[in-house]
Amino acid sequence: EDPSLERHFKGHRDAVTSVDFSLNKKQLASGSMDSCLMIWSMRPQMRAYRFVGHKDAVMCVQFSPSGHLVASGSRDKTVRLWVPSVKGESTVFKAHTATVRSVNFSSDGQSLVTASDDKTIKVWTVHRQKFLFSLSQHINWVRCARFSPDGRLIVSASDDKTVKLWDKTSRECIHSFCEHGGFVNHVDFHPSGTCIAAAGTDNTVKVWDVRMNRLLQHYQGNAVVNSLSFHPSGNYLVTASNDSTLKILDLLEGRLLYTLHGHQGPATCVAFSRAGDLFASGGSDEQVMVWKTNFDAADYDDVLKTQKCGTSVDRTPHALVEMDCGVNLKKTKTQDAGRNHAQQEEEASLANTLEHIMGQLDVLTQTVSLLEQRLTLTEDKLKECLENQQKIIQNK
């Protein structure tokens, strides 16, 4: 069955720049040139939240892994962390000296990496929004930066036509991929962490192995590619292009599977849900669309058969060979039939409890962070009062 359009959200007043699903798929966040962040409910008849706070275009949005925070970066040079609830409270921090193009949480939710037109990439702690360090070897705007699944590497894409790979611990650039013929708009890690894919204004998508630093696949399109997202199984890649199309690439076969037409005008952003059954896209037509993939169930089974350890999937000369074993086997449909129902239920309730605890933790850290800010304000006020008092005494 082909991918199909599932939902259609209208509410932005300018081009949509970024989309992301929450972990449980109940919410979808989108950022726009209209300076607003929208949180759409995937449940029918539930109203959307419009978050106002940024003073200029919102360039990027992302849910934290637990789903209890949303990060956004803006042309106003700030990053905001929002609690995606009715109140829409946010903490704001001055992150860069120019437009913030990209925000990305590490998979443990503890760190945030941001990329900016000031040519730097910065890493922050989420809970205190404390600046940790800068990576600055790009010589032009940095469009995108992402953590590897294990959090040890960072990949960045820039208008200097390079994709750079960084070691988070040593803070060194360990490799530069220079094969792009134009600006590099977007880059991301394969779920296995062994490959990266990058999209560029040279109308291409390139897939590299980050262990051997060699080009694995090259897809030539007819228009600038603005964004891409890996399917959680690691077998598909969806792209959004200036010719208004979304394309689904089959990475195992190394070929184009589907071309989807939905947007009027450039498709600017695209993202798979964490489970892979949906993907969302945004465009300069101010619309957010949600699509059903309709290809996981059967294909996951095939994938599992081919990805038994040790077998390299090499059906075509340029297929993704040497894919690491066990690429997200947890998310597949073929789970051990022998596992009893009770055990599964127990695990589910445990997972729910854990998620709840994580949620409470997130809320607590947010509260602490707000309190810290208020404390600082109070301290400042106190200092001011004391200074004024001194002045009065001196004048007397």
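Count begins at 1; order follows the chain as displayed.
Every residue, even glycine, has its Cβ placed from backbone N, Cα and C.
Just so you know, TrEMBL annotations are computer predictions that nobody has curated.
So that you can see what the record holds, here are the features copied from TrEMBL:
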REPEAT    9-50  repeat 'WD'
REPEAT    51-82  repeat 'WD'
REPEAT    93-134  repeat 'WD'
REPEAT    135-176  repeat 'WD'
REPEAT    177-218  repeat 'WD'
REPEAT    225-259  repeat 'WD'
REPEAT    260-292  repeat 'WD'
Same-chain Cβ contacts of the repeat 'WD' (51-82) under 8 Å, 6 or more residues past its ends? 14, 17-24, 27, 29-39, 88-105, 107-109, 112, 114, 116, 124, 126, 129, 355, 358-359, 362-363, 366
Over the span of the repeat 'WD' (135-176), count residues by DSSP class, listing helix, strand and coil in order. 0 helix, 23 strand, 19 coil
Across the repeat 'WD' (51-82), what does the pLDDT come to on average, as a whole number? 96
Go ahead and report the DSSP secondary structure tallies for the repeat 'WD' (9-50): helix first, then strand, then coil. 0 helix, 22 strand, 20 coil
On the DSSP side of things, how many residues of the repeat 'WD' (177-218) fall into helix, strand and coil, could you say? 0 helix, 24 strand, 18 coil
